[in-house]
Amino acid sequence: MNILIINSGSSSIKYQLLEMPSAQVICTGMIERIGSTKSISTFKSKDYRIENISKITNHKEGIERITALLLDSEKGVLYSTEEVDAIGHRVVHGGSEFTETTLIDNEVKNKIKLFSPLAPLHNPANLVGIEMAEKIFNSAKQIAVFDTAFHGTVPVKAKKYAIPNEFYNEKGIQGYGFHGTSHKYVSEIATEYLEKQNAKLISIHLGNGCSITAIKDGKSIDHSMGFAPSNGLVMGTRSGDIDHAIIFYMVNTLGYSLDEVNELLNKKSGMLGLTGFNDLRDIESEASKGNTSCILALEMNAYRIKKYIGAYIAALNGLDAIIFTAGIGENSSLMRQLVCKDMDYFNIHLDDAKNDLRSSTIREVNSLDSKVKILVIPTNEELEIAKQVFNLLT
Ligand code: ADP
């Protein structure tokens, strides 16, 4: 069965065509910097690697570009769109409606739309991907895999906000949790690696969006992102935890509109707001040259992660392993070092030499005397989505 995975972010689309159940990757690629005149399209198959810079205005054009790459008569991998049996769409917010992988119909699309205000950077882009795929790959089954689904096991005491009950009972205001596909994938690999079914794990996903999850017996029991993918850790452009009184102060006293504050907290804050750079590689490079705002931003970022680790050790009543994953978690040895520094009380000890090694597979970067394992596990949301789509259809 050929399954195409479409993983749309705010300004990018990752895609992958796999044959299941062999999990053989037929091709993979990405459209980056959507909305810019210099969008980057990449395509990689067994025989070809293409990288192209062109103007891609929006996600619709991004999907058209992906289709053209797949069907390219010389370097493509498909003769016809009918060779795709199913499309797995990553959908960020599924509210409390969707705790399972779901076949998409009009009702499902309407509900995804309904949740758009809760994930404004993602759900609208996910919907465009779905609608375009329905048109272009009209013989394929369209399936949604929700980022929120893995966190359906978080107990009420952890996901309910301390505001009047009606908001939880009647209006769906609660913590939902995100990056579930990634946290599920890496935690399953860790469980297998540790050979311990009831492992106590803390999974740290550090990409453009960043989140941290406490996992017990394979189930998410707490998560740093809340009602929307904005709470918790310091991210590329999102502030993470912030005292809500600041929002009222910005509006009532400083004269910002609510839309401006929303834009500020989602798109102009985080590492970008602190340093002027969004990409951690730039921030690390500036910090190494002595840029003080970059040095402080890295420290703030790591300090926030440390606080959540402490909280989740308390929630789990112990810890077997910490997992670092996603672009920053997998690649930034500096961020791992800053996070794991001075954690002796918890018996968390990093091995600096192991931490500096690079690898595309799971690796242990703790020292031998560390009671807690520190694992770097490359995430593979596309493979996890493909598995879930295949399971649903078979
Ligand atoms: P997304 O959340 O969009 O899927 P990724 O998981 O691809 O994002 O992570 C993107 C982040 O990873 C960027 O901030 C980028 O700077 C960071 N990153 C990628 N490679 C490195 C590296 N070698 N060192 C430090 N940061 C890196």
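Yeah, the Cβs are placed from backbone N, Cα and C, and that goes for glycine too.
All TrEMBL annotations are machine predictions without curation.
Keep in mind it's a predicted model, so treat the numbers as computed, not measured.
As recorded in TrEMBL, the features of this protein are as follows:
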- Asp147: active site, proton donor/acceptor (ACT_SITE)
- Asn7, Glu381: Mg(2+) binding site (BINDING)
- Lys14, His205, Leu206, Gly207, Asn208, Gly209, Asp279, Leu280, Arg281, Gly327, Ile328, Gly329, Glu330, Asn331: ATP binding site (BINDING)
- Arg90: substrate binding site (BINDING)
- His179: site 'Transition state stabilizer' (SITE)
- Arg238: site 'Transition state stabilizer' (SITE)
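Annotated features, which come from TrEMBL, shown on the structure.
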residue	record	Cβ neighbours (10 Å)
Asn7	Mg(2+) binding site	22
Lys14	ATP binding site	19
His179	site 'Transition state stabilizer'	31
Leu206	ATP binding site	28
Asn208	ATP binding site	21
Arg238	site 'Transition state stabilizer'	27
Asp279	ATP binding site	14
Ile328	ATP binding site	25
Glu330	ATP binding site	22
Glu381	Mg(2+) binding site	25
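Around Asp147 (active site, proton donor/acceptor), taking its Cβ as the centre, 29 other Cβ atoms fall within 10 Å, counting all chains. Cβ neighbour count within 10 Å across all protein chains ranks Arg90 highest among the binding-site residues Arg90, Arg281.
Ligand 1 lies under 6 Å from the Cβ of none of the recorded positions Lys14, Arg90, His179, Arg238, Glu330, Glu381. The secondary structure of Asp147 (active site, proton donor/acceptor), as reduced to three states from DSSP, is coil rather than helix or strand. Among the recorded positions His179, Leu206, Arg281, no residue is found with its Cα located within 10 Å of the Cα of Asn7 (Mg(2+) binding site).
Proximity note: of the listed recorded positions (Lys14, Asp147, Asp279, Ile328, Glu330), Asp147 have a CA within 10 Å of the CA of His179 (site 'Transition state stabilizer'), given in sequence order.
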